[in-house]
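Here's the structure, in structure tokens; my notes come after.
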Amino acid sequence: MKVLYDDDVNTNVLENKTIAVIGYGSQGRGQSLNMHDSGLNVIVGLREGGKSWKKAQEDGLTVKTIEDASKEADIIHILIPDEIQKTVYENQIQQYVEPGNTISFSHGYNIHFNRIRVPEDVNVTMIAPKAPGSKVRQTYQEGFGTPGLIAIEQDATGDAYDIAIEMAKAVGLTRAGVIETTYREETETDLFGEQAVLCGGLTGLIQAGFETLVEAGYKPEMAYFETCHEMKLIVDLIYEKGFGNMWHDVSNTAEFGGLTRRDRVITEESKENMKKILREIQDGTFATEFAVDADTSYPKLLTQRRLEGEKQIEKVGKNLRIACGLQKEE
């Protein structure tokens, strides 16, 4: 695996290009400001008059409607939520895309699942920071950066790679290291990580552990500390130096118990279910399910969101964080 750094970027193809960043959420703001501060010609495309419009102007950026920004740009970097990208692209962007332009994303979802179809005479690239937009901005301002990915789905002009790696450098990604991937690999692994581990598996594991202790008669506050609050301590150890570092830093009791009991929690059946989740991502089942929910005003998502908010662990956690000074009382 080759990791690309600042010294590996030796081209200057963006010098006379205009980059329109569509959206000014977490990634939109972080990437726009970093590219602007790196000397690139950046404009932001937004809905006129919204909160983001004013914020981008206050940040010193040139702001235009999505249509006007797309019309003016050589590179259109789409950073609005996945579920609205297709509609915005079809209604406000695609009529202004010209041969030789570049359409760029930070997640491959809509290209990989063919929800957005770009003409063959247009580049399709990706620059994907592996951090939230606020962290992308913070580390850039500190003189460093965050790791990231680049991918080329369509190279119509012969210099799509140079465009992507230069954008990655301007965002600050090559300061930390960039890996080249594909739209398929980025999309499928990203969705799997979210569903089976980071957002789905981990939260399910924490909640099941909490409920097990409470149902056995232990105080909910103790259950929260032991199954949720301390999770950050363990994750930080793994993040910094890997699993070996974590095992080294915990007690022998914790290490022995963890290594001899974990296979009874995450079983072969768990792994088979992970494989099923991956297949549903690969064959488009998940993308279809999400699109149907989005197109009908999110009945499934809103129900799940409400149920999550009603869980005991949420109420206990909030009260503890406020009591310990970790969260301000609303």
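Every residue, even glycine, has its Cβ placed from backbone N, Cα and C.
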Worksheet item: Hey, Swiss-Prot has NADP(+) bound by Y24, G25, S26, Q27, R47, S52, D82, E83, I84, Q85. Any idea which of G133, G143, G145 it lists too?
Response: G133
Item to complete: Enter the number of other CB atoms within 10 angstroms of the CB of E230 (Mg(2+) 2 binding site).
Response: 11
Item to complete: If we count other C-beta atoms within 10 Å, could you say which of the binding-site residues S26, S251 has the fewest?
Response: S251
Worksheet item: Under a criterion of Cβ-Cβ distance under 8 Å and sequence separation of at least 6, what residues of the same chain contact H107 (active site)?
Response: D82, M126, A128, E186, T187, D190
Discussion item. Just to confirm: which same-chain residues, 6+ apart in sequence, have a Cβ under 8 Å from the Cβ of R47 (NADP(+) binding site)?
Written reply: W53, T65, I66
Item to complete: Tell me whether H107 (active site) sits in a helix, a strand or coil according to DSSP.
Response: coil
Item to complete: Give the number of CB atoms, excluding that of G133 (NADP(+) binding site) itself, located within 10 Å of its CB.
Response: 22
Worksheet, complete the sentence: Ordered by sequence, the long-range same-chain Cβ contacts of E194 (Mg(2+) 1 binding site) under 8 Å (at least 6 apart) are G200
